[in-house]
């Protein structure tokens, strides 16, 4: 063997390749798993009636009354429909039926990629606007000036910033389910963490990991535990004490883990899981940052950064109070960007160049979102999601209490891969899974907790969720992330399992 030849090394596939492989697998599953469907109930506010959609038959309408819900074995308050708390179709228990097979073919691979991108256009526009905003601010030198001021003030107490960001993300997750919105924080916080001597994974840990742990142990999050409790026919305050306890334990684990990791890479930078890519990260996020030079932190730059920071609480307020979604969030960021353009002191040419360059850097992230949506479309159009739900509900039905609830936890781990939307999985699964708790004699709120903890254990890794979008944005290989996050998944499942078994045991006493 020629010693001069370089030894070949395995390069882990990119996010695009991983999702493309999963898309092909999803198409293949439509040939293996039988197609099936539950009848779905929706509320028509215009006519004040319930509409039941079943495969192969005409839609049926029923009076929007409590009696109708009782007759359909749906234990949800009528007000949750009439007041708009539940807007998505609800699966009706006991209505699953096999239907003709909906095979997907080769042409559906590319078709779903296009359709998924079209469905995700609102998110993509938000990301493009965010990227353009970052590009303009970068051109003004405001980020680098602010970074230098921050590094000087936090010298010796760098982890305090990691701690503060993590706590805020945990609180955002448990109260309002901050997930996609957190994408906006990466462009500003990655340079901060790199300047403090950390790596990009610390930034993902402080934002995505902390927010996801907070969402996993949701207390009042309307997009997961509240809608799941409503779909299960109970108050969301039932079981909130154990979820709050889990939140404290989970947040402690995340912060302690980040402290350990930060301390290790401070002492030995080569310990970083992304050490091989450190120069690429610094070139991308800190290409004009030199700690040995001085950039004046002028009043104009302070004003620009202030406007940038203000945009985030405005976004959070809009989501929580104003019912905003991505079009409104994009519009608010664009409005602030235009203000920054006028006070930036840049020429019209520089403004347009910096905006388009900033947006273009996030094209890959946007395409990942569209591809992930394409995978979900294949599963929906192949009509195999309901079949998997029906099969899993039959598996855990009739088990003893503790075994049943741990089985539910495992079921929701797998369902989290198929249906990465927390609200979507809640309205699909809770009307089916929650009544099973009655048959084994345990409260339904324990099933809601199992749903939340199981689903989010999967969403730390699920390629169809937000994780690949995050990793693509920061150019972090998926295998490095898996190595970093696995201990936290173990903590989540351990805490969740213990709390579930304790709740069942206390109820059985």
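Residue 1 is the first one shown; counting continues down the chain.
Cβ from N, Cα, C; glycine included.
Summarising the annotation, Swiss-Prot assigns transmembrane segment to 14-34, 117-137, 158-178, 188-208, 209-229, 240-260, 303-323, 324-344, 359-379, 399-419, 423-443, 484-504 (among others) and lists sequence analysis as the type of evidence.
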Checklist entry - Counting Cβ pairs under 8 Å to the transmembrane segment (324-344), which of 117-137, 209-229, 359-379, 484-504 comes out on top? => result 117-137
Checklist outcome for this item: Same-chain residues at least 6 beyond the ends of the transmembrane segment (117-137) with CB under 8 Å of its CB atoms are 143, 180, 183-184, 187-188, 304-305, 308, 311, 325-327, 329-330, 333-334, 336-337, 340-341, 344, 346, 351, 354-362, 365-367, 369-374, 377
Checklist entry - Looking only at residues six or more beyond either end of the transmembrane segment (303-323), which have a C-beta under 8 A from one in the stretch? => result 133, 137, 140, 142-143, 146, 172, 176, 178, 181, 184-185, 188, 329, 332-333, 336, 339-340, 343-344
Item to check | Sequence-remote partners of the transmembrane segment (209-229) [C-beta within less than 8 Å, at least six residues beyond its ends] | outcome: 85-86, 165-167, 169-179, 182, 235-236, 238, 240, 243-244, 246-247, 250-251, 253-255, 258, 422-423, 426-427, 430, 445, 448, 451-453, 455-457, 459-460, 485, 488, 492, 496
